[in-house]
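Going by TrEMBL, these are the annotated features:
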- Ala34, Gly35, Ala36, Gly37, Ala38, Gly39, Lys40, Thr41: ATP binding site (BINDING)
- 13-334: domain 'UvrD-like helicase ATP-binding' (DOMAIN)
Amino acid sequence: MLAKENQEYIKDERSIQDEINNCLDNSVSFCFNAGAGAGKTYALVESLKYVLNSKKILTYANSKALCITYTNAAKNEMRDRLGNNEQVVITTIHDFMWELIKRQQPLLLKVHREKIVSELNKINTLLEEDKKCECPDELESLLDNPEFIEQFYKSYSLNKPEFIANMQEYVQGEAFEELKKRFGNFKARINSLIKKKNYTQTLSNIDNKETGFTKVKYKSTYNRDNLNKMYFSHDTLLEYANKIIVTESTDIYKKMIVDKYSVIFIDEYQDTTEDVVMILKMLDDFAKKKNYNFTIGYYGDDVQNIFNKGIGDKLGEKHPNLKQINKKYNRRSSEEIIGTINKIRNDKIVQKSIYEDASGGTVTYCIVKDEDNFSESIQKVTEDYIKKHKNINQVDEFACLLLKHEGLSEIQGFKELFDSIKDMPKYKGDNYKQINTEFLSNNDKNLGYFLLYIKNLIRFKQLMLDKNTPIKTIISYVKDDKDSRKLTFLMLRKFNEQFIKIENESKESTLSEYLERLIKVSKEEILVKNLLCSIFGLDKEIIELEDIKNSAVNFFKCEDNTEKVNVFFYLSIKQFVNWYKHLTREMSINMNYLTYHNSKGLEFDNLLVIYDNIFARDKSYFSKFLTNLEGEGLSESKEEKWREARNLLYVACSRARKNLCMVIKESDLHEISEGIRALGFSEKSI
Ligand SMILES: Nc1ncnc2c1ncn2[C@@H]1O[C@H](COP(=O)(O)OP(=O)(O)OP(=O)(O)O)[C@@H](O)[C@H]1O
């Protein structure tokens with residue numbers, strides 16, 4: 001199966017590549033839109049090879065082809081496929097944007113300053129809107145006492161009675177009444193006032209060109225800005241780049257970019273943000289107006305847009321006049337699966353297999369009883385399935401996709417951690433959905449900033465336990481850039497010994513105990529101190545557990561109820577390790593469980609898709625699609641939700657190469673049975 005190519009289709013596939021090549025020869029920007037498994041990555045690599053072999057495209061001195069991928073993993077895959085070549089730059093969107101603007105320090109300072117002013121305005125509005133506070137001036141005057149501020153942060157993550165007791169010495173009169181009456185708000189207000197004071201100070205430092213305030217930096221390891229420390233993270237990077245290139249840049253600057261890169265390819269364009277598309281469009285318009293040799297090629301599939309920040313099907317609107325090139329062949333899946341995924345997407349792209357021997361796959365559904373413990377029944381189904389398919393031996397031969405975190409976290413051994421996250425005020429109400437990206441994304445850039453700190457801590461722990469980790473990697477965590485002293489072998493050896501000792505003592509520990517051990521050693525050992533500073537974004541000589549807890553209180557919005565943060569810190573370190581292993585897919589074959597979202601870009605011979613209809617507090621997440629496949633009679637907002645469900649189901653089902661099986665609970669079946677049969681699923685027991 002999937003071995004004999006149809007020569008006529010192959011000829012046609014080549015003519016599609018010729019169409020792309022023709023665009024490259026004539027500087028016509030284009031959008032190559034093709035369904036799942038069409039070989040978009042392959043076409044992109046072919047396009048790059050064509051550019052390198054052509055004498056007509058990279059004509060300016062030193063001009064290069066640029067290929068922008070969405071993640072580091074995609075970047076590495078592309079590099080593996082193409083090999084090293086000086087004329088091709090393969091990079092992620094963030095690294096590329098930073099490359100473009102990092103030498104524009106005066107403009108960067110200007111937009112950074114504007115951002116601080118806008119943050120200050122937001123704080124002022126927030127403070128003004130809080131009409132309930134009866135003594136705003138008294139609270140503001142507390143900031144004049146540095147001892148108060150010190151005690152405030154030391155006590156920040158304590159519970160209400162302890163916090164009030166610690167504040168008693170510094171807060172009197174009306175301010176103390178306010179603290180007792182509105183505990184959470186008191187903390188939030190003081191926090192905002194301190195921020196306001198710090199921003200105001202930073203503005204003055206920038207204006208006076210104080211040391212340390214003449215340059216702004218992008219930090220790719222954090223998911224959070226620290227505007228006062230003059231660094232910013234991914235989202236702000238795109239915002240700054242957009243302002244600098246689209247609004248502030250001169251023609252000379254635009255010409256420099258266009259001279260340097262005659263061709264820009266964007267992989268998975270549907271996930272690109274509007275900010276980035278605006279920059280690309282502006283460069284394209286500029287080059288066309290001046291008649292420069294310059295092409296932009298977008299590669300992707302608008303139906304596979306499952307992250308809400310992406311441009312999705314709005315590309316044509318935001319970057320008009322692109323030549324549309326579509327491809328209708330599928331190189332991944334059996335005929336049966338292609339039939340089903342065509343019906344799910346139900347648009348102009350109706351795929352057929354490029355192979356003559358594509359039939360023989362299966363598209364089925366099986367019914368499971370509504371057991372109390374659904375996770376257990378999924379595990380059982382998985383085991384039975386693997387037993388029955390004796391040819392499943394490798395990780396890419398089987399996966400089981402789940403929609404919801406609950407079941408998945410239980411199976412993968414981090415349920416208590418998930419329960420603690422779910423309980424955080426940050427994820428209440430509509431924000432519940434954010435857990436999927438901020439806690440469970442396999443792309444670090446999407447993780448919530450505090451959760452990325454914890455992931456990096458566990459990553460470091462795992463790296464230290466792996467004998468193959470290069471010393472250079474360890475040094476990148478423990479070296480302080482500001483410290484010019486050399487790291488000696490002796491220092492590293494001692495660090496290693498201490499770390500392993502802590503590891504051995506912490507096997508059954510909680511996160512809090514583990515951190516406390518590290519913190520204790522950090523008081524004497526500079527490398528451990530550097531490690532904690534680098535992981536948690538701290539800039540302190542002496543680190544306390546409160547520094548890390550305070551960050552959690554802010555991130556999880558627990559000012560009012562710090563107990564929830566304690567629950568998080570009292571979880572077993574094993575819960576965090578299992579979460580980490582799940583995100584990095586360090587699991588065995590029969591543990592190859594993924595969320596629908598994280599399966600994007602992957603492929604498996606055999607795929608179990610666990611049907612679930614409750615997602616992000618929506619109780620008819622997939623049934624709204626499966627009971628209305630044509631999307632008829634929907635209001636604008638309902639249509640958006642319908643499309644979101646359709647796209648996610650498409651991404652999930654199109655990961656299968658040979659056998660696709662949907663597992664459905666008995667109680668869910670009735671509502672959707674007509675829909676799934678219309679899509680080509682037939683009933684079969686496992
Ligand atoms: N020209 C080709 N010759 C042989 N195999 C190919 C070719 N193009 C693609 N493939 C194979 O087909 C499969 C699908 O290709 P690829 O992953 O590039 O598709 P895609 O369009 O990026 O899919 P998706 O959008 O679903 O992630 C892969 O296994 C890939 O190796």
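Just so it is clear, glycine is given a Cβ too, placed from its N, Cα and C backbone atoms.
Selection of the binding-site residues Gly35, Ala36, Thr41 by a Cβ distance under 6 Å from ligand 1 yields, in sequence order, Ala36, Thr41. For the domain 'UvrD-like helicase ATP-binding' (13-334), the model's pLDDT averages out at 92. Just so you know, the Cβ of Ala38 (ATP binding site) picks up 25 other Cβ atoms within 10 Å once every protein chain is counted. Long-range Cβ contacts of Gly39 (ATP binding site) within its own chain (separation 6+, distance under 8 Å): Lys327, Tyr329, Arg331. Those same-chain residues not listed among Ala34, Gly35, Ala36, Gly37, Ala38, Gly39, Lys40, Thr41 yet with C-beta within 8 angstroms of the centroid of the ATP site C-beta atoms are Ala43, Asp301, Lys327, Asn330, Arg331, Arg332. Of all Cβ atoms in the protein chains displayed, 21 besides its own lie within 10 Å of the Cβ of Ala34 (ATP binding site).
By a simple count of nearby Cβ atoms, those within 10 Å, the most crowded of the binding-site residues Gly35, Lys40 is Gly35.
Cβ neighbours of Thr41 (ATP binding site) (same chain, under 8 Å, six or more residues apart in sequence): Ala74, Glu77, Met78, Arg81, Asp267, Tyr299.
Reduced to three states, the DSSP call for Gly37 (ATP binding site) is coil.
Working note on the binding-site residues Ala36, Gly37: by count of other C-beta atoms within 10 Å of each C-beta, Ala36 ranks first.
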